[in-house]
């Protein structure tokens, strides 16, 4: 599909609830992605990451209320890197224009022929999962050779663009090195508190709405559809040394049933340093490209009464080609099949005491595909319906030391159903701001109909709702402006039976 720079590199609205340090971490992650794309000679994504970095440093971070008062070294360092980024953008601009023009010509020719460009997987041996709107699915023969595809610059967003050169020029015109302190009017426009700041009248939830977790009986029965597995896994050892039953891989791996393989092989990830002369000096990781399975989630869930719980029903997974105008184009994310069951075993003692457990998902990027390679169990405080991580800096230290991207989080609902509460949505908002591809995995072992789900905030609908919500604790949310669900099942996630990962328990 055509690349619209106004959307794939759009300005990020500042949220003063997010610490300024986290915004600089977002900038560092963008440069790390750019470093990987530079090494892989991926000019299109390299250009987009550099453009996002430029926008973040010049158009978002300076409007944070703590920008002038804190982190002076980060402020000076980011401005120095911005100069190098703009110089590289200028040098890449002609080649980027040529590649984009070529992509657009190919698409135009395809449309004239009356055919659509295929959805291309950026990993070899990928198994295409049927579109979410199809009512019935057929299971492939796992003994047949898996289809392969070569890396392509086809983007899976439903975007339209006029002149990409005009968009590029407009992006450059926005960039400036002279960051003057913003006046009060500017701050009020960019503040999540609105023009009235702290004086704004808080809107309390309606008194007749009672917010609580639903019981399992609130869910109606659903005809669960399964996932297509990528084929038998190679032999692997479990975390505790037990042998595996290969036959379980021949069952349907569904996010709506509980038949996951129980163990995983814990293997330390291999890392390499960027050998090229990179002014940003970030470390990339090399990972294998095993056969994935698209994490399609059944979408016909029985509706929960709105009086019982806030945001009870997620939206269905929307394939990229059917995405809404202005939505993000997410890069694929591979999740180890066994990581969910292993997490449940690690959380068993808390679950038996009706306490939630949470973990942080982190991993690598290779060939436009994110891979979850590390499950971090942080120090935490738990209740029956909440879980709070402690010592966030320790988590950041692990991610930085191992050069890992923050790819989301996972947590349990010991006795509740599988859904995202209002507290969960606010928690995931911080992850998705850090990286749009980040996911939230919910494990509900007592929910027989939907024991697990992989979700994220809809963008821009859900992200906007949570950004503008100033309430805390369990509360209902206003409906999004376009009427779309606040959160939805992920369409960019693949379950990978061969992906290896390690567990770091910091408790």
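Backbone N, Cα and C atoms are what each Cβ position is placed from, and that goes for glycine too.
The feature Zn(2+) 1 binding site is assigned by Swiss-Prot to 411, 413, 424, with sequence analysis given as support. In this structure, residue 413 (Zn(2+) 1 binding site) belongs to neither helix nor strand by DSSP; it is coil.
The annotation Zn(2+) 2 binding site is assigned in Swiss-Prot to 426, 469, 475, 477 on the grounds of similarity to another entry.
Positions annotated as coiled coil by Swiss-Prot, on the basis of sequence analysis: 73-107.
The compositional bias 'Polar residues' annotation in Swiss-Prot covers 146-162 (among others).
Annotation comment: Swiss-Prot describes 214-224 (among others) as compositional bias 'Polar residues'.
Taken from Swiss-Prot, the feature compositional bias 'Polar residues' covers 232-242 (among others).
Residue counts for the domain 'MPN' (333-463) under DSSP (helix as H, G, I; strand as E, B; rest coil) come to 39 helix, 47 strand, 45 coil. Swiss-Prot lists 333-463 with the feature domain 'MPN', giving sequence analysis as the kind of evidence.
Residues annotated as region 'Disordered' in Swiss-Prot: 133-162 (among others).
Annotation comment: Swiss-Prot describes 214-242 (among others) as region 'Disordered'.
For the motif 'JAMM motif' (411-424), the model gives a mean pLDDT of 94. Here Swiss-Prot flags 411-424 as motif 'JAMM motif', drawing on sequence analysis.
Swiss-Prot lists 356 with the feature site 'Indirect zinc-binding'. Note on residue 356 (site 'Indirect zinc-binding'): other Cβ atoms within 10 Å of its Cβ, all shown chains, come to 23.
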Using residue 413 (Zn(2+) 1 binding site) as the reference point, find which of the recorded positions 356, 469, 475 has the shortest Cα-to-Cα distance to it. 356
Between residue 426 (Zn(2+) 2 binding site) and residue 356 (site 'Indirect zinc-binding'), how many Å separate their Cα atoms? 17
Starting from the Cβ centroid of 411, 413, 424, which together make up the recorded Zn(2+) 1 site, report each further residue of the same chain whose Cβ lies within 8 Å of that point, ordered by sequence. 356, 358, 387, 412, 416, 420, 421, 440, 442, 443
Here are the binding-site residues: 411, 426. Which has the lowest count of other Cβ atoms within 10 Å? 426
Spatial separation of residue 424 (Zn(2+) 1 binding site) from residue 477 (Zn(2+) 2 binding site) - C-alpha basis, Å: 12
Quick one: among the binding-site residues 413, 475, which has the most Cβ atoms sitting within 10 Å of its own Cβ? 413
